[in-house]
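*Asks:* Got a structure for you, written out below as structure tokens; questions coming shortly.
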Amino acid sequence: MAFSTRLASSLWPTLAALRWAVPRQCRGLSSHQGSEPSLNLGGIFPPLATPFSPTQEVDYAQLEGNLHRYASIPFRGLVALGSNGEYPYLASRERVEVVSCVRRALPRDRLLLAGSGCESTQATIELTVSMAEAGADVALVVTPCYYRGAMTTAALVRHYTEVGDASPIPVVLYSVPANTGLDLPVEAVITLAQHPNIIGIKDSGGDITRMGLMVHKTRQEDFQVLAGSASFLLASYAVGASGGVCALANVLGDPLCQLDHLCRKGQWQEARDLQHRLIEPNTAVTRRFGIPGLKKAMEWFGYYGGPCRAPLAPLSPAQVEELRSTFSANGWL
């Protein structure tokens, strides 16, 4: 292991603690009963799509253009290199460059979460260090899944504990079973919530009972639960989630921030009406048509979507029409 990474194991947890020793902020709707969180994750985070040129190279100019348009939306922050950023298709060099680009364009009062999960613990630590050096405020670490049969609760706790120990920035767990085929066990989450440098989880599974249980079981810890999809954002807030990392925020950022606001104000009827109008569009740009659908929808709302990297294929004309109809039927186009 490189000298810098060995040094991280001994010094960076202390540095991380000092970095986030700031005035504590409101947790929002969480039922947390201890002290307030050291880093407030409450609010909406779009998991940025990575723009590519027609030759499938990362288009940093278009990325900056999208970031400029997002600056007027009251997001809590942005997520770079999540599932919607085509993270698995980027080289390590590109991943670091994307985070650097986002950090340069992002106001300092907005958080930057960066995906750094790899299949091995060592690779995850090394990339997490690189993300911190590139300007990320928080590392978003997806579950390793290639050998999913061996990813027991004990193995996952050991993996995330070592990452949390070595990371110079706070860590958010990331459970996305639709992509990994693996749910991070609640027992593992409860154990990891006690780690001083692991501050939350993005849960994209959509099991509200599970999310509520995680909030309940970690209420004494400095730990926050984030909904991983706009389709169940209101329900997540109702059981104590702090915020949401929602693909649809790339397209309908203002409405999602409005939903967040309504829930925090307790205006549940208005929130319910808005949530209902977001379910079908969100399903269309996630489970139904995926990233190609998300990028196509972005173009209709003034953002650069562009192509995906192969082997992801563009939508067919019939699929484009179906996608447009879904947004139109819910009053967005």
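Glycine too: its Cβ is placed from the backbone N, Cα and C atoms.
Quick paste of what TrEMBL says about this protein:
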SIGNAL    1-16  signal peptide
ACT_SITE  Tyr174  active site, proton donor/acceptor
ACT_SITE  Lys202  active site, schiff-base intermediate with substrate
BINDING   Val245  pyruvate binding site
*Asks:* Roughly how many angstrom lie between the C-alpha atoms of the residue listed as 'pyruvate binding site' and Lys202 (active site, schiff-base intermediate with substrate)?
*Replies:* 7
*Asks:* Taking the Cβ of Tyr174 (active site, proton donor/acceptor) as the reference point, list residues of the same chain whose Cβ is under 8 angstroms away and which are at least six residues distant in sequence.
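*Replies:* Spatial neighbours, sequence-distant, of Tyr174 (active site, proton donor/acceptor): Gly82, Gly115, Gly117, Leu140, Val141, Val142, Thr143, Ile201, Lys202, Ser204.
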*Asks:* Count the other Cβ atoms sitting within 10 Å of the Cβ of Lys202 (active site, schiff-base intermediate with substrate), across every protein chain shown.
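*Replies:* Other Cβ atoms within 10 Å of Lys202 (active site, schiff-base intermediate with substrate): 27.
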*Asks:* Is it possible to get the count of other C-beta atoms within 10 angstroms of the C-beta of Val245 (pyruvate binding site)?
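*Replies:* Around Val245 (pyruvate binding site), other Cβ atoms within 10 Å: 29.
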